[in-house]
Amino acid sequence: MGLLSAVFGTYSEREVKRIRPIVSKINELDEVMQKLSDDELKAKTVEFKERLNNGETVDDILPEAFAVVREASKRVLNMKHYDEQLIGGIVLHQGRIAEMKTGEGKTLVATLPAYLNGLTGKGVHIITVNDYLAKRDAEQMGELYGFLGLTTGVIVHELTNEQRREAYNSDITYGTNNEFGFDYLRDNMVIYKEERVQRKLNFTIVDEVDSILIDEARTPLIISGQGEKSTEFYKVADYFVKTLVKEKDYTIDEKANAVMLTDEGFHKAEQTFKVENYADAENVELQHYVTQALKANYAMRRDKDYMVKDGEVIIVDEFTGRLMEGRRYSDGLHQAIEAKENVKIARESKTLATITFQNYFRMYEKLSGMTGTALTEENEFREIYGLDVIVVPTHKPVVRIDNPDLVFKSEKGKIMAVVDEIAKAHEVGQPVLVGTVSIEKSELISSMLKKKGVPHQVLNAKFHEQEAEIITHAGEKGMVTIATNMAGRGTDIKLGEGVLEIGGLKIIGTERHESRRIDNQLRGRSGRQGDSGESTFFISLEDDLMRIFGSEKIQGVVEKLGLEEDEAIESKLVSKSIENAQKKVEGNNFDIRKTLLGYDDVMNKQREVIYKQRAEVLEGEDVKEEILHMLRDVISDAVDTHIKEDAEDYRESFLYLISYLNDICIPTNEVNLPALTEMSKEEIIDHLYDVAVKSYEDKEAEFTSERLREIERVVLLRSVDTKWMDHINNMDNLKQGIGLRAFKQVDPVQAYQMEGSAMFEEMIDSIKKETVKMLLHVKVERAPERVRVAQETNAVHGDKPSAPVGPVRNLNKFGRNDVCPCGSGKKFKNCCGREA
């Protein structure tokens with residue numbers, strides 16, 4: 001702790017001091033609330049709503065509202081919020097992150113700001129890490145909200161649109177980050193405003209906020225349709241990279257988890273694929289296939305990053321060790337792994353809509369979160385999300401003993417020592433929770449314990465209900481539980497009878513995670529609410545963290561000591577070195593996330609423009625004005641492009657202009673060419689615009705005004721959707737190749753921003769042109785109806801750029817030879833099927 005902190009207290013301590021007077025006000029109301037009957041307590045909700053309508057703010061009524069929730073909770077749930085929980089509730093209401101240790105009752109804390117903000121009628125979203133916790137919390141806390149007259153909803157995967165809409169219209173809605181994010185994307189793909197399910201994003205409380213806003217931050221949610229690219233390219237690229245020689249043709253940067261071709265590798269690629277310059281922008285697609293094949297073969301490890309089960313490649317969650325069935329790496333990485341493992345390669349999908357959690361959660365009016373471990377990432381929360389981290393004091397002091405790390409020379413010696421330590425604790429009945437970094441390590445320790453005859457359970461659950469059940473019993477006497485570091489998060493481990501007397505729950509970490517936060521979470525499973533407990537990390541010089549990031553000095557010290565395989569050292573120097581290695585990785589990961597946010601912000605701004613335009617089309621009764629503006633823009637651009645006053649053949653320029661506009665919006669026979677040649681540019685634009693408007697008015701006479709207004713909306717929505725989907729794909733391709741600009745001393749993010757903006761402008765022009773063309777050529781007998789441009793086939797997490805990305809969903813409704821539903825009379829494959 002620095003000198004200033006020692007004198008003035010930490011930032012959190014000073015902020016908590018400021019909050020304590022509000023807590024005193026709540027406590028002063030305790031006796032008043034106790035005297036109220038149930039009906040009088042319930043009536044407070046109506047009173048608060050009236051006061052808010054009359055101009056008071058939620059801050060004005062906070063002490064009373066919190067006091068009401070506290071008393072209602074005591075009556076309904078038999079749980080009364082203590083002072084530290086009130087502090088946590090105030091921190092959340094203020095739009096900050098409350099760091100609260102395991103067992104401090106975060107679920108109950110959330111009821112305070114949820115009730116207070118629910119009184120506004122604008123909706124409160126409480127985000128949990130899985131469906132099981134969402135259902136559990138909504139059911140338990142829903143009793144409390146219901147008693148006070150507020151409604152509770154829960155969003156889980158299997159709900160219909162009607163059920164989702166009802167849940168979102170509740171005062172307080174529980175659900176997972178995935179479900180909320182996908183619903184946002186789907187709402188921006190609907191063709192009738194009545195199909196939307198979400199309201200405006202008002203206030204959210206994110207449970208396990210570090211997991212969602214940091215660990216999952218780079219993971220985009222992707223709604224996808226069926227792609228058209230052949231899977232053969234993946235096989236060819238896979239065959240090519242398997243012929244490469246390490247260090248000669250490619251190098252691996254383990255710190256960045258990247259594989260790169262050397263100059264020799266570039267030359268080999270040019271020879272194999274018969275291209276002149278592999279790094280050329282025109283070879284961006286080839287680079288994409290080769291890059292993903294390199295990563296699949298030399299960076300992704302079977303049984304660590306993914307498993308092959310029944311002919312399918314299944315992702316292993318790097319934080320929980322769970323199999324993530326149904327989730328696919330995006331960007332073709334999953335297909336590259338399928339080629340590597342020689343299993344059936346699924347067709348690459350086409351992205352229809354996508355957003356990262358970083359950008360989804362930044363759209364809320366007020367964002368808050370709670371977790372047991374956030375302080376180590378305080379800078380990132382502040383810089384990316386504008387969130388403060390406030391450490392809330394524990395209700396009882398933490399008495400858990402955190403032992404120094406034990407460092408072993410080899411992995412084998414370390415695992416033997418871990419098993420011996422477990423057996424010793426088991427002999428006296430002390431419960432043990434063993435944290436591993438992978439399923440593979442869990443199974444190795446399990447097999448060694450079996451040989452020793454130590455009964456144990458391995459937490460490798462696919463079902464969160466089962467996982468929660470196992471974790472609940474992990475604190476009972478004699479219980480040994482092996483789990484990946486983050487498994488069972490959100491479920492308390494309560495100590496069984498007689499366990500306190502023998503030292504409480506013993507935590508054994510079998511490896512340091514690259515993030516200190518994950519290690520702290522594992523430690524925090526023990527010592528809840530002032531219970532005794534202890535934690536120790538067992539480390540070997542062969543662990544990934546030590547091998548890749550640890551200093552050579554440490555390796556030298558251990559070698560000099562001449563340790564036996566099962567001997568360990570405890571050293572402050574080693575512990576400091578490990579912490580420095582972790583800080584290095586955390587800093588590196590933060591930089592990656594910041595860089596990716598630079599890319600993603602470009603798409604985010606563009607997404608906002610498109611979704612805003614879509615919403616206006618859906619909401620608006622009349623988009624005719626917008627169509628006429630587009631018509632003028634199309635004509636103006638055409639005149640600027642074709643009519644150059646210094647042109648050698650002025651008349652020929654006009655002929656090209658008239659021919660171009662004839663295809664879009666003005667019949668040739670309507671234009672007086674000789675008269676045009678005598679006009680200025682502005683006069684030409686005005687004249688052609690008048691001709692086009694006259695033509696459009698004739699079109700209106702063929703239809704009723706009401707019918708044409710609907711057709712305008714249909715055509716505009718279709719143009720926006722098809723062009724936006726193509727644009728997403730083009731931006732993906734741009735991002736794939738942009739990294740090579742660094743070789744030309746160009747900042748890739750800056751280049752992406754500039755070129756992406758130019759592409760966006762082109763897309764907007766293309767939307768205008770397409771919309772105008774379709775409307776000026778529409779026929780009564782072929783008037784288009786509202787149909788989705790593409791049908792969702794999948795919603796998945798794509799792949800983190802340079803790790804796994806996020807979720808995806810799919811679109812395929814019409815046969816390729818069916819008549820296109822848009823009314824053109826063409827076959828689907830020759831019409832909208834090209835876009836879908």
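Cβ coordinates are placed from backbone N, Cα and C, and glycine is handled just like the others.
Among the candidates D492, D519, D543, the residue that Swiss-Prot annotates alongside Q85, G103, E104, G105, K106, T107 as binding ATP is D492.
Sequence-distant contacts of E104 (ATP binding site), defined as residues of its own chain at least six apart whose C-beta falls under 8 angstroms from its C-beta, comprise E84, Q85, G88, V392, T394, H395, R528, Q529. Around Q85 (ATP binding site), a 10 Å sphere centred on its CB holds 27 further CB atoms from the protein chains shown. Less than 8 angstroms from the CB of D492 (ATP binding site) sit T102, G103, T472, R528, each of them six or more residues away in the same chain. Summary for the binding-site residues G103, G105: the Cβ-based neighbour count within 10 Å is maximal at G103. Sequence-distant neighbours of K106 (ATP binding site) (same chain, six or more apart, CB under 8 Å from its CB) are G88, A98, M100, D207, M370, listed in sequence order. Residues M100, T102, L108, V109 surround the recorded ATP site, their Cβ atoms falling within 8 Å of the Cβ centroid of Q85, G103, E104, G105, K106, T107, D492, which are themselves excluded. Long-range C-beta contacts of T107 (ATP binding site), restricted to its own chain and to partners at least six residues apart, with a cutoff below 8 Å, comprise D137, Q140, M141, D207.
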